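Below: the structure, in C-alpha cells.
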Amino acid sequence: MPKRTDLKSVLVIGSGPIVIGQAAEFDYSGTQALRVLKEEGLRVILVNSNPATIMTDPEFADATYIEPITPEVVEKIIAKERPDAVLPTLGGQTALNTAIALDKNGVLEKYNVELIGANIAAIELGEDREKFKGVVERCGAESARSHIIHTMDEALEAAKDLGYPMVVRPSFTMGGLGSGLAYNEDDLRRIVGQGLQYSPTSEVLLEESILGWKEYELEMMRDKNDNVVVVCSIENFDPVGVHTGDSITVAPALTLTDREYQKLRDVSIAVIREVGVDTGGCNIQFAIDPATGRVVVIEMNPRVSRSSALASKATGFAIAKIATKLSLGYTLDEIPNDITQKTPASFEPTLDYVVVKVPRFAFEKFPAADNTLTTTMKSVGEAMAMGRNFTEALQKALRSLEQKGSQLDFSSVPEYEVAELIEKAKRPTTDRLYQVQRALLGGATVEQLFEATKIDPWFLDQLELLNEVSREIRQAGALTTDMLQRAKRHGFSDEQIGALTHNSEAVVRGVRQALGIRPVYKTVDTCAAEFAAYTPYHYSAYDEEDEVALHSKPSILILGSGPNRIGQGIEFDYSCVHASMALRKAGYETVMVNCNPETVSTDYDVSTRLYFEPLTLEDVLEVIAAEERTGGVMGVFVQLGGQTPLKLAQQLADAGVPILGTSPEAIDLAEHRGAFSRVLDKAGLVSPKNGTAVSFEDAKKIADEIGYPVLVRPSYVLGGRGMEIVYDEPNLSRYIANATEITPDHPVLIDRFLEDAVEIDVDALFDGTDMYLGGIMEHIEEAGIHSGDSACVLPPITLGSNVVERVRTATRAIAEGVGVRGLINIQFALASDVLYVLEANPRASRTVPFVSKATGVQMAKAAALIGTGVTINQLRTAYKMLPETGDGSTLPLDAPVAVKEAVLPFSRFRTPEGKVVDSLLGPEMRSTGEVMGIDKHFDTAFAKSQAGANNALPTEGKVFVSVANRDKRSVIMGVKRLSDLGFEIVSTGGTADVLRRNGIAATPVRKVAEGSSAEGEGTIADLVVAGEIDMVFNTPSGGEARSDGYELRAAATSIGIPCITTVAEFNAAVQAIEAMRTYEWSVTSLQEHAAALGESQKAAAAKADLQHA
C-alpha cells in the first residue's frame, strides 16, 4: 500500500537530555526519522530539550522547539502548530510517556491529532506488565511466575508465594530505574519503596528469580499487511541478572541451537501480532534455563530502543528509517534497502561476521558507588566491534573502550590467586570478564567458572582459546609470519603482542608490515555479499580479499570520539557529523572512523565511507593505509572528537600523516604550562598563580607560595578527571598520595583557586588572520564547579560591555599566539574586575552545539572548512555560513536568552549500603547530558532549563533553607522574596535564627544529626522523604555538617525534588519562580528566533551605517 495522503504535518517528540538508559541512540533514530518525513513532503515539527543533538539542527525540521518535554509544553506546541499526527516511538521512554499522558488528558482528541507509529493499546499491552503477561499466555508461551503489587503490604504477601531471591521491576520506567534483586525482606522493603516512587502508575512487578539463565533478544518489525521480519538476534554474554545495557552483547546469537532459535522466532512473531505493533519495530527479550531448556519471555519494548540502534549498526538495516516509513502507511515490501538498492526491507539481513558490544562505565567518577551490576543500568556508553569470529570482535571491542586495562592481560597468574579470582567472579561487576579470563589462564577449568558465573561454556571456551593463543605467542620466540597471522585473526593488538614477546609496539608493527601482514576491509551489506553494496561501511579483518573500492579524489578522515563517557559525550559527535556534512557539500570525500554504535556519526550515510574501528594508533594507521592504497588521503581532522583523537595527533604527524586545521604543535603548546604562559605574557594577560609538581615536596612549596585554597589536577584530562579543590596541607598530602602515576611527563598542576569569581566560557573560530567569536557564556555557578556541570547563559547577563570587549581582545590574542586554525574554547574567570585566563583548548568543545543553537550559526561546519583553507571572510560572503557583519559577542539587546543546564545521574548510583551518592557539584565533571531553555528573558529561560532537566521548580509550597555561615548574608534577599510570594520557609538552627532576625518567619526543624525527638518529631530528612518539602536549598560546610548535608541531599535526590547547592543558582531560581508565577510560558521555534535575530541585526547594521554617514 502506498503512503497515506491525509497526513500533511507531523510532530516528532525527542528523548530529551542524555541520561543513563536513554542516550545518543535516540538522536540517531530521530535524525533518520526526520529525514524520511521531509523526503516524503510532510511539514515536520520537533520538540526536544537537548541542544547537543543533530536532530535539533534547524535544517532537519520546519519548526524546531527546544523546550522541556512535558505534557503541558507539548500541548502548547500542538495548539500553536496544529499537526495532523504525533510520532512518539523515536524518543525513548520520555516520548512514549508524554504521548500516553497527552492521550489520557484528552489533548490529542481536543486538537484532533492522531498517534502514528504505535497505538496506545499496543503501548499499554507491551509496557503494562500485568497485561503483557496475558499476551504471552495467549501466545502459548511462558513468562516468569509473578505478582503485581501497588503497596508494601501486597509485596510482603507476594514474597510468601515467590520466595527469595526475587526480581523487582516497576512499570513504565526506563533503563531498569528503580528495579533490583531482593534477597531478603530488608532488600524487598528498600527496593519496592523506590520502585513505587519511580513508577508513574505506582505499580511494581515481583517475579521469581531466573538468575543465571541465558538471555537473548530479537529485534523485529511488522507492517499493517502482517509482514514480519526478524532483523537481528542478540545474545547476552552475562546471564540474567545484569541489565542488558550493562552486559557484553553479541550478534547474531551464537549459542542457540537451530530448534531453539526457531522457537524464539515463532514466539516473537506471535507476540508482536497479539500486541498489535503494526507500524514499526520492537524488541522482545527471552531467558532460557540452561539446565532444562525452559523458555521464558521477559519483556518487550514497543518502540525503537537501545537494542534497535545496535541492531541497525550491526546489520546495516536502518530500523528507525523503516519504522518511520511504516508509520506513514508503507509496507515492508515497498521500502528499498539503501545498502543493496536491489532488495526490499522485507528481506531479513544475513550476517557473515560477528558483532560484539561492550559497555563503558564511569565508576571512577563516583568512588563511593558500588560497582556490582544489577537490573538497574549503570553504563554511560558503549563500544562495538566487528570481526570474522567472536575472539577478534571481542578483543577489538575491548580495545575500543580506551580505558586503562580495558584490553585482556595475558601476564602469568600465580596459582594462589586462582581461587580468589573464581570467588570474585561470582558477583557480576565491571571487572568480571577479566577475572574469568585470568582465572582460566591460571588453570581454572571451564566447569568451575560456569558454576561460579553461569556464563555459557561456549564463551568460556573462547576465552580459553585466547589464553592458548597468548601462550603460543609467548613461546614463539621470534615474530614469525604464522604466529602473527594467528594472533591477528584472534584480535591481538600490536601492543599485546609486544608485551608477550618483550618488544615495543612499534617494533611489532614494523616487522608485521615488512612481512606483509595487513588487515583487509570487509563490507557490511545486510546480505552476506549476495548483492553489491552501494554504501561503503567497512570493518577490518586479517583475511584474504579487500573490499575498499577505488576513489577518484583524496579523502579527508574525521576521527570520532569513541564510546560516550562522562566528560566526552554526544557534543563531540555533533561536531564530527557537522564537519562531514559541510565537507561533503563542498565536494570532498569524507571518511569517518568511530566505534560508537549509538551515534549519528556511525550512520552509513553521514560520510562517504565509514570504518567501524577502534580509535587506537594501530587501527587508525591501518585505515589511513587502506585509503592511501585506493586513492590517497588529503588529511585528517583530530580536533573534533574530543580528547580521544587529540591524543593521537602527534603520533599521526610523526608517521607522516597530514593533520588538517590546528597543528599538533599548537595543540601541545596549549596543554604545556610553560609555553602557554609565554603566550599569555606576550599578550599582557594573566592566569591564576600556578605551578607544576612531581612530588609532595614540590606541591607543598607551590601551595605555600600561592596560598590556599588551591585547585589540583593531572595534566591532559577531559571532564576534570581527578580534579579537586584543596583547602589545607593535610588534604594536599592525601591528594598526592592517591594520585596515580605522577611522572615528570605527567606532573600535577596546581593553581590558585579563585573564590567568588564569575566564570566565562568562549567558543571562537580563527583562520590565521580573522577571528569570529561564536558566543560568550556566563556561568551561573561560581568558579570551582566544572564547566560541564555548571549552568551557563548566553548572551551574558551581568557582564558589562567593557568586560565583553576585554574577553574579545584576549580571545583573539590567544588564538593567534597558539596558532589555531579552526575552533578554540577558552575559559576565563573575572575576580575583582581582573580577567584571568583559566585554560585554552584548541579544539571543538562541549559547548559548540549549545552556542550554535543559541546564535543560529553552525560553528563546527565553519571550522571544518577553515581546516581546508577557507577564510572567515569567505565564510561570511561566498559561503553565507557566518553573518556578514558582527558576531556572537555583539548580539542585539532583544536577542533571545539561552540557558544550558547539566543533567546529573545521581539517582542511578548507590553506595554498597544502598544510599544515593552525593549530589554536590565540584571541579570533577559528573553530568551525562544537558538541556537548553530559550526565551526572551533570563528568568523564564532558566525556569525552562530546570523543567527540561527534570528538576522543575515549585510555584508554591515549603522550601527548606540551610546554608554555611559564609553564605548567610547573601541569601536573605532571595529567601525574603520567596516568603513574600507565600512560600513556607523551613530551616534548622543557625540559619533559622538569622532569617528570623531579618523579619522572615521560618519554621525550625531538627537536623539529621540530632535524630528524632522523644515526642517523635522527625528530622528534616524524614520530612523530605515524606514528600512534605518542595525544594531544598543547602550549601555545604565542613565536618559534621557535611554529612548532615549529604543525608539531606541524598533524600532530595532519591525522591526527585529540586536540590540547590549554590547561592548563585538559588538566586536564579527565585527569579525564575517569580516569573513562572507572573507570566504564561510561550513556545517559540528556533526558526522563529533566528528570523527575529536576523531582523534586529539588520536593523542595528542599518542604524550604524546611518551614524557613519
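Every residue, even glycine, has its Cβ placed from backbone N, Cα and C.
The structure displayed is predicted, hence computed values, not measured ones.
Copied over from Swiss-Prot, here are the features:
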- Glu299, Asn301: Mn(2+) 2 binding site (BINDING)
- Glu299, Asn301: Mg(2+) 2 binding site (BINDING)
- Glu839, Asn841: Mn(2+) 4 binding site (BINDING)
- 677-868: domain 'ATP-grasp 2' (DOMAIN)
- 951-1096: domain 'MGS-like' (DOMAIN)
- 1-402: region 'Carboxyphosphate synthetic domain' (REGION)
- 403-546: region 'Oligomerization domain' (REGION)
- 547-950: region 'Carbamoyl phosphate synthetic domain' (REGION)
- 951-1109: region 'Allosteric domain' (REGION)
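All features noted in Swiss-Prot, drawn onto the structure.
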{"residue": "Glu299", "record": "Mn(2+) 2 binding site", "contacts (Cβ under 8 Å, 6+ apart)": "Arg129, Phe132, Ile284, Gln285"}
{"residue": "Asn301", "record": "Mn(2+) 2 binding site", "contacts (Cβ under 8 Å, 6+ apart)": "Gly126, Glu127, Cys282, Asn283, Ser307"}
{"residue": "Glu839", "record": "Mn(2+) 4 binding site", "contacts (Cβ under 8 Å, 6+ apart)": "Ala670, Ile826, Gln827"}
{"residue": "Asn841", "record": "Mn(2+) 4 binding site", "contacts (Cβ under 8 Å, 6+ apart)": "Ala670, Ile824, Asn825, Ile826"}
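Across the domain 'MGS-like' (951-1096), DSSP assigns 75 helix, 20 strand, 51 coil.
Computed over the region 'Allosteric domain' (951-1109), the whole-number mean pLDDT of the model equals 85. Here the region 'Oligomerization domain' (403-546) is broken down by DSSP into helix, strand and coil counts: 75 helix, 11 strand, 58 coil.
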